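Visitor: Copying in the features that Swiss-Prot gives for the protein in this structure:
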type	residues	note
COMPBIAS	199-233	compositional bias 'Low complexity'
COMPBIAS	300-312	compositional bias 'Acidic residues'
COMPBIAS	317-326	compositional bias 'Low complexity'
DOMAIN	56-158	domain 'Calponin-homology (CH)'
DOMAIN	235-305	domain 'EB1 C-terminal'
MOD_RES	S9	phosphoserine
MOD_RES	Y166	phosphotyrosine
MOD_RES	S218	phosphoserine
MOD_RES	S235	phosphoserine
REGION	170-239	region 'Disordered'
REGION	186-326	region 'DCTN1-binding'
REGION	258-301	region 'APC-binding'
REGION	297-326	region 'Disordered'
Amino acid sequence: MPGPTQTLSPNGENNNDIIQDNGTIIPFRKHTVRGERSYSWGMAVNVYSTSITQETMSRHDIIAWVNDIVSLNYTKVEQLCSGAAYCQFMDMLFPGCISLKKVKFQAKLEHEYIHNFKLLQASFKRMNVDKVIPVEKLVKGRFQDNLDFIQWFKKFYDANYDGKEYDPVEARQGQDAIPPPDPGEQIFNLPKKSHHANSPTAGAAKSSPAAKPGSTPSRPSSAKRASSSGSASRSDKDLETQVIQLNEQVHSLKLALEGVEKERDFYFGKLREIELLCQEHGQENDDLVQRLMEVLYASDEQEGQTEEPEVEEQTHDQQPQQQEEY
């Protein structure tokens with residue numbers, strides 16, 4: 001039996017977790033050299049309170065705290081949407097529970113943010129953290145969603161940090177942790193070209209010969225040149241606006257395509273796992289397994305053919321009934 005100051009792990013063995021007088025469990029962690037995989041973790045201390053108290057930090061203070069602890073250069077709460085900071089926090093609290101080599105510290109796109117949050121979810125599951133991560137909300141980069149989550153994570157950090165030294169730059173092996181772009185900024189900031197240098201009137205002015213000293217242009221010709229230069233400048237602005245809009249559409253379509261491809265690969269992996277399970281239990285002659293295999297391997301044509309006999313059976317059943325009525 002464990003001593004009065006120790007607890008049992010979920011599997012029942014003595015894991016040397018220490019219980020303070022107030023009942024708080026301090027997880028036991030084995031001091032090991034970084035890079036080893038023989039870590040011994042206790043359960044993480046779960047935090048459920050999300051109410052605002054005097055200890056709740058302002059958005060400026062909490063960003064300063066994040067930058068100080070894990071050596072980042074974030075300027076806004078919204079930049080936490082990449083998930084990279086949380087991954088490094090988990091490595092700090094529970095060394096080895098997450099592989100920082102897989103974390104995208106220079107993430108700039110939404111699917112890269114989702115990748116980081118999946119790593120965070122895996123570390124939460126490994127450490128028995130009950131918190132549900134609202135990934136879909138966080139990756140959008142909205143202020144309130146990210147503020148609520150970092151406020152909770154600060155309390156989770158305070159409940160689990162044991163005061164050990166930690167070098168965040170060395171832990172991520174010198175990876176440049178570039179802050180993600182501000183979600184409010186425009187993605188495409190094309191340099192504005194000088195209208196005077198690129199306008200047709202500028203080229204015409206250069207190619208036109210010098211006016212003779214004795215000649216004076218008439219008023220109608222000067223009015224025509226003024227109107228043509230004004231229309232040319234307006235057309236340049238319209239073209240630049242169209243280019244910016246088209247670039248934004250192309251970028252949004254690329255993001256949508258990447259998201260669809262990622263979702264396709266995700267569900268294909270699930271189907272592959274189901275297929276392997278069915279193959280493992282296929283020799284048991286289970287009707288459910290056989291039915292699942294038929295569904296997995298059925299093509300569109302086969303599914304259409306399976307529906308046709310049912311229709312024919314219904315028509316055959318209706319004919320005897322009609323004959324009996326007569």
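Glycine is no exception: its Cβ is also placed from the backbone N, Cα and C atoms.
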Visitor: For the modified residues listed here, Y166, S235, which shows the highest count of neighbouring CB atoms within 10 A?
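Guide: In terms of Cβ crowding, the pick is Y166.
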Visitor: Looking only at the domain 'Calponin-homology (CH)' (56-158), what are its DSSP counts of helix, strand and coil residues?
Guide: 68 helix, 0 strand, 35 coil
Visitor: Please report the distance from the Cα of S235 (phosphoserine) to the Cα of the residue listed as 'phosphotyrosine', rounded to the nearest angstrom.
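Guide: Checking the Cα atoms of S235 (phosphoserine) and the residue listed as 'phosphotyrosine' gives a distance of 58 Å.
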Visitor: Could you tell me the mean pLDDT over the domain 'EB1 C-terminal' (235-305), as a whole number?
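Guide: Taking every residue of the domain 'EB1 C-terminal' (235-305) together, the mean pLDDT is 79.
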Visitor: Which of the three DSSP-derived classes (helix, strand, coil) applies to the residue listed as 'phosphotyrosine'?
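Guide: In the DSSP reduction, the residue listed as 'phosphotyrosine' maps to coil.
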